[in-house]
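What follows is one structure encoded as structure tokens, with my remarks underneath.
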Amino acid sequence: MPAMSRPLISRRAEPLTGRAKVPGDKSISHRALMFGALAVGESRIEGLLEGDDVLRTAQAMRALGAEVEKLEDGSWRLWGRGVGGLMEPADLLDLGNSGTGARLMMGLVATHPFTTFFTGDASLRSRPMKRVSEPLSRMGAKFVTREGGRLPAAVVGTTNPVPITYELPVASAQVKSAILLAGLNTPGETTVIEREATRDHTELMLRHFGANVTTTIREDGARVVTVTGFPELTGRTVIVPADPSSAAFPLVAALVVPGSTVTLVGIGMNPLRTGLFQTLREMGADIRTDNPRIEGGEEVADLVVTSSALRGVDVPAERAPSMIDEYPILAVAASFAAGTTRMFGLSELRVKESDRFTATMNGLRACGVEVEAEGDTLIVHGKGAPPPGGATIAVNLDHRIAMSFLVMGMAAAQPVAVDDAEAVDTSFPGFVELMNGLGSAIEGN
Ligand code: S3P
């Protein structure tokens, strides 16, 4: 039986004020669970995102033989199996809505000598997996997938893994990570070359657990990332920073709701994740960085955001990997700005939890915003005033589309509704409570 839908409506907000801590980083949370399961001995995770995507990964790591439990103090404890020590799961792994969970785990099991069956929800079952099955096949794994390389899929792990050097055809941290994780249980050196830098949480955290991972810059600027096989990973503590991709929603809300000042604490500031903050500042956003510090090997800071008059800018394609999940909410910000915002190089947006390129364009148009698409460029014509709003947006199992348009409703002339906000829990459980605590007016519709 499909879950009941959760329609919500967002009306004009009071000025947003206060301090808030958004949930833990989704990318880091998935990796902490996976690497803890591969390490010898006990690992602890503090600040884990307890969203549906990550809980599915926790469940999958249990199915692969690791001990994973939540402790009374809210932290998580893992007892890992050592590199190469994962066990054949007795049943399908259902990764729900999570591309990160599915793709990284395919890498993990590709070089273990057993067969794993993967599935997910309707969104995940529609997403391309060839981008991982292709390089992992070169390492020796076999894949049986549905038409177009889609889930459900069986991964027949290899007993004789071959190290590869692979140049990424798309800028994707998930693909990079899948190959590096397969490389852990492979003799010799496995190398991924990326022309555009993508988030490097896998590299940073593998080093934290004791693996030998090197990153060098080639003459042409490409990054060459190499992992040495059969490392002795040992249990560690991981402190998960607050997710900058989740912070994006209250942050843009505070910018567009007049009279707001909001402090967002402990936000991850990994430079490969902060493209949105840079872009918004170029648009004239007042975002102050307070207390920059290193926590658990990652840069974090508090962000103090004050509502600002925004202006349109050009966002270069090179910046896309550092803000790939933030375009829907940036497009919402751009529709309040004076002048045109052009976002280049958005082809990857079409293969996220939904086709976010089309969803963003259609949603903004339904809210009375003038939008154009030219190939992979999305062009938003802002009027420097609140857009009309007054629409109901189809979410199509996409958490970021739901949250983006709920933010739109906080400052648009008319309320904005979403047909089903259930997906929000994949990355941001407690979103409505947190936002309403700051002054928004989101309620059941
Ligand atoms: C992620 C990488 C990105 C991003 C996703 C999380 C990760 O996907 O969109 O939300 O944790 O590695 P791609 O690798 O497909 O760009």
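A Cβ is built for glycine as well, from the same backbone N, Cα and C atoms used for every other residue.
Note that TrEMBL annotation is computational and uncurated.
Per TrEMBL, phosphoenolpyruvate is bound by Lys26, Gly99, Arg127, Arg356, Arg400; the candidate from Gln174, Gln278 named for the same site is Gln174. Checking the binding-site residues Arg31, Arg127, Asp325, Arg356 against ligand 1 with a 6 Å cutoff on the Cβ atom leaves Asp325, in sequence order. The residues near the phosphoenolpyruvate site, meaning same-chain residues not in Lys26, Gly99, Arg127, Gln174, Arg356, Arg400 whose C-beta sits within 8 angstroms of the mean position of the site's C-beta atoms, are Ser98, Thr100, Asp325, Lys352, Glu353, in sequence order. Averaged over the domain 'Enolpyruvate transferase' (13-433), the predicted model has a pLDDT of 98. When the binding-site residues Gly99, Arg127, Arg356, Arg400 are compared by Cα distance to Ser27 (3-phosphoshikimate binding site), the shortest distance belongs to Gly99. Here the Cα atom of Arg31 (3-phosphoshikimate binding site) is found 24 Å from that of Arg356 (phosphoenolpyruvate binding site).
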